[in-house]
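Chemist: Below you'll find the structure I mean.
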Amino acid sequence: MRLLFRPPVLSVVGLSSILLTLTTAQSTTRNDAVCLNNNATTSLLPTFNNPLLQITAFNTTSFNTTSPTHNTTSNTTLPLTNAAKKAHIVAAFRHSWSAYIAHAWGHDTLLPISRTHFDNHNGWGVTIIDSLDTAIMMGLDDIVAKQLEWIESVDFTTSKSGQMCSLFETSIRYLGGLLAAYDLLQGPYRDLLDRVSEDPEAKLRMLLRQAKSLADTLTFAFDTPTGIPYNWLDLRTRRAEELRDVALLAEAGTLILEWTRLSDALLSALPSNATEAEKAACRKYAELALKAQEHLVNPQPDGAEVWPGLVGGKVSIEDGEFMNTVGGWGSGSDSFYEYLIKTSLYSPSRFSGFGKRWIQAVESTAKHLLIHPHGHPEVTMVAGYAGEEVGGSMTHLACFMGGNWILGGVALNRSDVVSWGEKVVEGCRFVYNSSATGLGAEDWTVGEFTFLPEAEVEDVEVDLEGLDEGWRMDGMESWWMGETLKYLYLIFEFGEERVSVKPGEGWVFTTEGHPLRVVG
């Protein structure tokens with residue numbers, strides 16, 4: 001789930017998408033669909049000259065498709081082998097990392113245009129921690145060693161930036177990043193850890209200890225009448241922003257995976273003679289997230305469900321009741337639905353009910369919310385809703401759902417759901433190919449297929465003018481190295497990967513793109 005304006009990441013949308021549309025696009029929710037058409041020759045490969053900041057534009061070739069295509073020219077020689085493509089993507093990661101080291105080390109966000117930095121995620125170095133598992137999967141020993149050294153020095157008990165802390169963003173970027181590194185280095189990438197550390201077990205304990213320290217800092221968010229947490233927290237006073245007693249569906253519903261994984265990892269690390277009190281202390285993190293989740297999967301009051309599985313986007317922190325019936329698979333709601341299926345895959349014995357809720361939501365969406373652009377009945381998109389009134393627009397953040405449906409359809413052996421997911425991905429690919437640049441719009445109306453109507457453009461401009469010093473237009477968000485480059489790399493790692501995105505092979509990817517080991 002992503003709650004703020006997010007310029008489209010350089011993305012290609014196609015049908016080999018089970019790999020890359022596993023997360024929202026914080027966004028995310030956080031998240032962007034980055035997929036490759038099986039029959040297309042595509043380059044997302046920059047030319048690197050200056051090791052800092054100067055980077056040529058990415059180039060893409062046109063798709064072989066009946067949908068509108070953009071005109072592009074390419075001055076880049078296309079590498080033909082997967083190994084060559086992976087090498088270019090690793091070079092992009094090192095390029096970005098070098099710039100971060102030079103101008104933003106220890107801070108959250110690199111500002112590449114002004115060549116400085118900004119602390120917008122508590123000042124704990126979010127770029128370092130969010131990108132750690134990408135560096136691990138790319139086998140970048142030197143970078144991983146430096147990242148681990150930094151993590152050991154972080155004090156997660158207070159915010160260095162003094163800003164309000166987002167429980168949602170902190171959980172998916174920091175907590176998810178720490179836990180993914182722990183799972184990878186303990187498991188399939190243990191050889192890397194052995195190379196970079198003289199005491200590998202101590203490094204693993206450090207990662208888990210820091211994850212626990214971070215969670216302990218955040219637990220006061222759940223101290224509410226319902227257990228539904230406040231999102232915005234002042235870590236200095238340990239008080240929440242109580243002026244807003246409303247939680248967005250995705251804010252409260254995108255915690256269950258990371259917080260449950262923390263509990264499970266802590267329990268697994270206990271000695272065999274651990275006391276019940278010690279076990280209970282480990283379980284509390286999962287229990288906090290589950291208490292909040294129960295309000296979302298058992299919606300109240302009567303009528304809170306618009307259609308089976310589909311609910312509104314706002315819930316009261318005071319009484320746990322839904323406050324509207326406005327929703328969909330876009331920003332503000334997206335990663336709640338994403339996590340229903342993923343949490344059920346993470347631990348079917350505990351969370352099979354979440355999978356049932358997910359399939360209800362998918363079936364209701366297929367029945368009521370699939371729409372088609374004017375003149376293109378073969379192109380499928382997904383609308384939002386206000387009550388039973390179906391909207392006529394879609395956002396690029398909702399494109400994650402195509403891959404999410406493919407993932408769940410494969411896991412549940414539902415070929416119809418897989419087919420629906422493929423159609424949604426193709427609809428998003430249609431959007432990207434309909435623009436002059438090959439980049440998709442932030443959102444679009446579907447009836448006449450118009451990109452960003454003038455009123456919406458003005459709204460975005462107003463929002464951007466109000467941002468402090470315009471930093472968001474000059475910022476390398478942590479998901480660039482934490483998600484985008486990881487997914488591009490995994491496309492060409494397919495068949496050789498140590499960590500598989502396919503259901504049933506031991507891993508599930510979070511909404512921020514962090515792989516967590518499935519417990520069964």
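Glycine is treated like the rest: Cβ placed from N, Cα and C.
Feature list, courtesy of TrEMBL:
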| type | residues | note |
| --- | --- | --- |
| SIGNAL | 1-25 | signal peptide |
| ACT_SITE | Glu169 | active site, proton donor |
| ACT_SITE | Asp334 | active site |
| DISULFID | Cys399-Cys428 | disulfide bond |
| ACT_SITE | Glu442 | active site, proton donor |
| ACT_SITE | Glu454 | active site |
| BINDING | Thr511 | Ca(2+) binding site |
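Tell me about the setting of these features in this model.
Modeler: Counting Cβ atoms from all protein chains shown, Glu169 (active site, proton donor) has 27 others lying within 10 Å of its own Cβ.
When other Cβ atoms within 10 Å of the Cβ of Asp334 (active site) are tallied across all protein chains shown, the result is 35.
The Cβ of Cys428 (disulfide bond) has 30 other Cβ atoms within 10 Å, all protein chains considered.
Every protein chain shown contributes to the tally, and the Cβ of Glu442 (active site, proton donor) ends up with 16 other Cβ atoms within 10 Å.
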Chemist: For Asp334 (active site) and Thr511 (Ca(2+) binding site), what Cα-Cα distance in Å is obtained after rounding to a whole number?
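Modeler: Thr511 (Ca(2+) binding site) has its Cα 10 Å from the Cα of Asp334 (active site).
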